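Asks: Per Swiss-Prot, the features are:
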- 162-184: zinc finger (ZN_FING)
- 190-212: zinc finger (ZN_FING)
- 246-268: zinc finger (ZN_FING)
- 302-324: zinc finger (ZN_FING)
- 330-352: zinc finger (ZN_FING)
- 386-408: zinc finger (ZN_FING)
- 442-464: zinc finger (ZN_FING)
- 526-548: zinc finger (ZN_FING)
- 554-576: zinc finger (ZN_FING)
- 610-632: zinc finger (ZN_FING)
- 666-688: zinc finger (ZN_FING)
- 694-716: zinc finger (ZN_FING)
Amino acid sequence: MMKEVLSTGQGNTEVIHTGTLQRYQSYHIGDFCFQEIEKEIHDIEFQCQEDERNGHEAPMTKIKKLTGSTDQHDHRHAGNKPIKDQLGSSFYSHLPELHIIQIKGKIGNQFEKSTSDAPSVSTSQRISPRPQIHISNNYGNNSPNSSLLPQKQEVYMREKSFQCNESGKAFNCSSLLRKHQIPHLGDKQYKCDVCGKLFNHKQYLTCHCRCHTGEKPYKCNECGKSFSQVSSLTCHRRLHTAVKSHKCNECGKIFGQNSALVIHKAIHTGEKPYKCNECDKAFNQQSNLARHRRIHTGEKPYKCEECDKVFSRKSTLESHKRIHTGEKPYKCKVCDTAFTWNSQLARHKRIHTGEKTYKCNECGKTFSHKSSLVCHHRLHGGEKSYKCKVCDKAFAWNSHLVRHTRIHSGGKPYKCNECGKTFGQNSDLLIHKSIHTGEQPYKYEECEKVFSCGSTLETHKIIHTGEKPYKCKVCDKAFACHSYLAKHTRIHSGEKPYKCNECSKTFRLRSYLASHRRVHSGEKPYKCNECSKTFSQRSYLHCHRRLHSGEKPYKCNECGKTFSHKPSLVHHRRLHTGEKSYKCTVCDKAFVRNSYLARHTRIHTAEKPYKCNECGKAFNQQSQLSLHHRIHAGEKLYKCETCDKVFSRKSHLKRHRRIHPGKKPYKCKVCDKTFGSDSHLKQHTGLHTGEKPYKCNECGKAFSKQSTLIHHQAVHGVGKLD
């Protein structure tokens, strides 16, 4: 077993076995202390490094000092005994065995004679900046200290002869071993004033402080990029030199650094040597383990100077800073849309490619994002882990709970920089911004329709496929989107979670509440580009635009009649089915529409809520007041194509058109008599049925025609109903 004599730095002598760490105390070998030799060798090594960097030769005086200082050292110890008394022979006779050999086989300097006749070193010869110490022992076994210095053995400092008993790691010099052992001893004397983190060495603390200050003193001369640590700069420089000499035998991939190759090999072997003591999770890199530990410790050393938010990773801080700077370095090559983070760009690209790599094992549905698949799995499991503390409603996703809590708090943290409008959800803000920019980056190739947000595009795609995977458990009605199903279930449950702060009225849908709030504010944000008319709801604007375009997309399958609005078609269908869902509580008359019933009840109540500001005349319908206004304005918008006669009301024009031949579409089923208007047919059918729906509130007399009732009421002194 090879042994080596080293200094402890405290006047004692350490003897280290190869492969183990054993400590002995010999204090001194005779009157000669090997601590001094090690110190002098260290001084020469340091001076050689300086001279080599400055291009100077190694001064011989330093080398002479190493061998010549032994005379002075002998007199420091009591008794001034010669070395030969303890070692059995003169130390000087064995000094030629001390060599300084240059690294990597370069020509070096060798001490082969005693200091008394040592020749001067040639100027062509240099001492290596990092010399290796070669010590051979010629002392006999009879020496009192032969147990400390093995016979005919050699020690080379480049060998990793110093091993730590705690971790088993080996080093090629004792100073590195001592530094390594400090963490085992728990000696962390350098503390960060910002976050309180402890360090073994002062230089580690200095490097750590740059995380807080953002200092990057090391700059690349090639590209100007700066780094906080010199090791990072060294690694970066290899990108420019592009030297990749380390090759993986498994896959042939090459690396610029051997350390990178070692890390890469762990992918093939699956080796994860770094294990967390808290949760037993294993990692293939120590840096990954260090990052993971912050989850348990809660340490977040990286702080944003703008908003004071803290992060556990530096990369997360760098990404966060882009929120403040507005930087979007990641750009889509297809549609030029820019993104703050690379992950957003990767997600966005799947819109163009249509890639859906994540598949549900339960129903086979595929998703473009893993997070979407994870969320989808909860639908099958019925898991709802997130519960509202106010109303106890449970949600499958935390994001839905956060969104829901804003209903109770009324919080709207997302603000538009253009108009100052605030929103409860970031997605709503993004959709709103497209109103200002006109941007619609999401296009569907099938119908070439464009959308301002990706979720709307995904919803639209289902229209083409006809897929409706979400089914109501109460009525079995199916829906294309889960959100549609959630809204539908509120019809059965009667839940109305959205409440108006002004009048406390509640609504089933958030959009209904938003529309209702405009009643109080009078806001009409939607404007027609044709006539500049404004509307409180987007749907009203869409319907209005059809007046200009003449578009009537809703068609009746029975008679082929077309309508510009879907509710008009729904109401029209009831004419064919005969369905009259709305019934008067006074006279039991039924109506196709609720608005017709509301209009009808005013006959019984004689209510006339709509009053003309010009002449004071009152009306029981808003439409009648609007038509009446045209009398004062002299406006006549409706013209007969046959005789060019104009009318102020559309109904008057329709009635007039029947004067022209062949315009009596309404036929009596009893006597086949035809009429030009539906109202005339209704009056006529009363003759056959004997029905008298119009009743006088004063005397109770009933009439078959409304006009007859109006004339009758004049007898009682009641003003004519218009």
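For all residues, glycine too, the Cβ spot is worked out from N, Cα and C.
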Asks: Any residues 6+ beyond the ends of the zinc finger (666-688) with a Cβ under 8 Å from its own?
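Replies: Sequence-remote neighbours of the zinc finger (666-688) are 654-655, 658-659, 704-705.
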Asks: Under a criterion of three or more Cβ pairs within a distance under 8 Å and sequence separation of at least 6, are the zinc finger (442-464) and the zinc finger (330-352) in contact?
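Replies: Yes; at least 3 Cβ pairs under 8 Å.
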Asks: With Cβ-Cβ distances below 8 Å as the criterion, list the same-chain residues six or more beyond the ends of the zinc finger (190-212) that contact it, or say none.
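Replies: Same-chain contacts beyond the ends: 179, 182-183, 228-229, 299, 301-303, 314.
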Asks: What else in the chain is close to the zinc finger (526-548), if you only count residues 6 or more beyond its ends and a Cβ gap under 8 Å?
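Replies: Tertiary neighbours of the zinc finger (526-548) are 515, 518-519, 564-565.
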